[in-house]
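Novice: Sharing a structure here in structure tokens format.
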Amino acid sequence: WEFNGSFHQPSAFLMMGIPGLEALHHWISIPFCALYLIALLGNCVILFIIKKTQSLHEPMYYFLSMLAVTDLGLVLCTLPTTLGVFWFNMRRIGFDACLTQMYFIHILSFIESSVLLAMAFDRFIAISHPLRHPSILTRTTVIKIGLAIILRGMVSLLPIPFLLKRLTYCGKTELSHSFCFHPDIMNLACADIKVNVFYGMIILLSTVGMDFIFIVLSYILIIKTVIGLATKEECLKALNTCVSHICAVLVFFIPMIGLSMIHRFGKDVPPLVNTLVAYTYLIIPPALNPIIYSIKASHIREALLRALRRKSE
């Protein structure tokens, strides 16, 4: 413990693996390693395919590239500490290192939410105004959207580490996960955390919450447009272009909403449930997104098959 003026600040926190299953951490690490490997390889393959295939140089796949880069960032943020806990029981993480990891995890989560919204907007324009789609979402516009997404995440979350550093911590220093999460650190403080709770809730609702609402509104407008199409085949063809994105939205938002609700209102929820939801939120989407788009997005699938055939020849 370090004493600084009128408050106590821990020199480090202790991370937690899976509560009650510590003796099985080496075995449990096997599926985690598999998921991390799938996420790393899958997202790198998606980026490689999009870069090398000229026909994929369009807004839908530019946004998909942003999603893949964000997923890679999330994986690289959590992989060292998670496998460190499972393999070597390295539970200790410095206070400032924990705040840094937390900041980047939350930024990347917010960026992923915003990219999913941008992809929903792209699908809406492509289906509702197909002739104007290239002129509305030009490469310059896509770059501006990407920069705005990054800037929004960085600026909105910038006060969070400073709000945590001002708190007094005493007694318990054990986190609930093998990574640092804002509500988790905040709940270890023995000071008034109303400002942290209020700011965290406002930022969550004004960013991820609004993103989710606009994604739903986009699909309501897409469905309204699709219903007006002449034939059933046209309807199915239009909706089929959205299947991959809908799956990615569900895979990301369901665990995220569940984890946020557990941290804020689920005091009686068993620790094991809390831990499993957290790992589902941070590891499953980066691993599943490349699989979803490789299976459901025909252009990605065809480009991947062509690349595999060329390699085998």
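Glycine too: its Cβ is placed from the backbone N, Cα and C atoms.
No curator has checked TrEMBL annotations; they are predicted automatically.
TrEMBL feature annotations, pasted as is:
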type: TRANSMEM; residues: 24-50; note: transmembrane segment
type: DOMAIN; residues: 42-293; note: domain 'G-protein coupled receptors family 1 profile'
type: TRANSMEM; residues: 62-88; note: transmembrane segment
type: TRANSMEM; residues: 100-121; note: transmembrane segment
type: TRANSMEM; residues: 142-164; note: transmembrane segment
type: TRANSMEM; residues: 197-222; note: transmembrane segment
type: TRANSMEM; residues: 243-264; note: transmembrane segment
type: TRANSMEM; residues: 276-295; note: transmembrane segment
Novice: Mind checking which residues reach the transmembrane segment (142-164)? Cβ under 8 Å, same chain, six or more beyond either end.
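Specialist: Distant Cβ neighbours of the transmembrane segment (142-164) are 59, 62-63, 66, 99-100, 102-103, 106-108, 110-111, 114-115, 118, 182, 185-186, 189, 195-196, 199-200, 203, 206-207.
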Novice: What stretch in 24-50, 100-121, 197-222, 243-264, 276-295 has the biggest tally of Cβ pairs under 8 Å against the transmembrane segment (62-88)?
Specialist: 24-50
